[in-house]
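Asker: Sharing a structure with you now.
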Amino acid sequence: MDKIYRSGIGFDVHKLVEGRKCIIGGVDIPYEKGLLGHSDADVLLHAISDALLGAAGLGDIGTYFPDTDPAFKGADSLELLRKVGEEVKKAGYEIINIDSIVMCERPKVNPHKEQMKANIARVLGLDVKQIGIKGTTTEKLGFTGRGEGIASQAVAMVRSI
Ligand SMILES: Nc1ccn([C@@H]2O[C@H](COP(=O)(O)O)[C@@H](O)[C@H]2O)c(=O)n1
Ligand SMILES: C[C@@]1(CO)OP(=O)(O)OP(=O)(O)OC[C@H]1O
């Protein structure tokens, strides 16, 4: 039977505040502020999770892990992403590739990219070559430019098994 190819898109934003860890792509990045959220607030993994769920026609991250459920308070988003990968497989799809972008002036993403890719590849059972991560500033414009929060966007492509 012919394979079905589908793409998905994800976007997320978390606020930067004092007294929280700055976890992005499963890496605890040393930074003066951290990301606020019900979970560990890993903005990149949330965008990737939504892209994968969208590609597989499964809805969104909040449907699977409601931010009103105490079970997900402080949750490790790598573990949430692992579950997303399992749902994608259960729905009959394999992941072809993921591409993503993290938008902030600081912290710099480049020094941590390889570790982020390794983390994502591990929980999804992928090769690191199937994962793209880019950092960009927004040229000091908007809430990301003022350092009030970090935004992330991701796309994913899946193929029927
Ligand atoms: N948080 C970030 C932002 C940017 N980078 C790297 O710097 C390059 C230039 O960024 P511009 O927004 O000025 O185009 C970008 O291509 C990344 O390589 C980063 O690592 N982390
Ligand atoms: C990850 C979840 C888990 O409750 O919570 P948050 O850390 O608040 O993240 P967000 O991207 O705002 O919402 C998705 C939720 O599923």
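Each Cβ is built from the backbone N, Cα and C atoms, and glycine gets one as well.
In TrEMBL, annotation is done automatically, which means it is predicted and not curated.
For reference, TrEMBL lists these features for the protein:
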- 12-14, 38-39, 60-62, 65-69, 136-139, PHE143, ARG146: 4-CDP-2-C-methyl-D-erythritol 2-phosphate binding site (BINDING)
- ASP12, HIS14, HIS46: divalent metal cation binding site (BINDING)
- 6-158: domain '2-C-methyl-D-erythritol 2,4-cyclodiphosphate synthase' (DOMAIN)
- HIS38: site 'Transition state stabilizer' (SITE)
- THR137: site 'Transition state stabilizer' (SITE)
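What's the neighbourhood like for each of these?
Answerer: Annotation for ASP69 (4-CDP-2-C-methyl-D-erythritol 2-phosphate binding site): no same-chain Cβ neighbours under 8 Å separated by at least 6 residues are found.
Cβ-based neighbour count (10 Å, all protein chains) for HIS14 (divalent metal cation binding site) stands at 24.
Summarising model confidence by region, the domain '2-C-methyl-D-erythritol 2,4-cyclodiphosphate synthase' (6-158) averages a pLDDT of 98.
Of all Cβ atoms in the protein chains displayed, 16 besides its own lie within 10 Å of the Cβ of HIS38 (4-CDP-2-C-methyl-D-erythritol 2-phosphate binding site). The DSSP secondary structure for HIS38 (4-CDP-2-C-methyl-D-erythritol 2-phosphate binding site) is coil.
Applying an 8 A CB threshold to same-chain residues 6+ apart, the list for THR137 (site 'Transition state stabilizer') reads MET103, CYS104, GLU105, THR144, GLY145.
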Asker: Hey, how far is HIS46 (divalent metal cation binding site) from THR138 (4-CDP-2-C-methyl-D-erythritol 2-phosphate binding site), Cα to Cα, in Å?
Answerer: 20
Asker: For each of HIS46, ILE61, PRO66, THR138, ARG146, count the other CB atoms within 10 A of its CB; which of these binding-site residues has the top count?
Answerer: HIS46
Asker: Which recorded positions from the set ASP12, HIS38, HIS46, ILE61, THR137 have a C-beta atom lying less than 6 Å away from ligand 2?
Answerer: ASP12, HIS38, HIS46, ILE61
Asker: May I ask which residues of the same chain, at least 6 positions away in sequence, place their Cβ under 8 angstroms from the Cβ of ASP12 (4-CDP-2-C-methyl-D-erythritol 2-phosphate binding site)?
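Answerer: Result: VAL43, LEU44, HIS46, ALA47, ASP50, ALA151, SER152.
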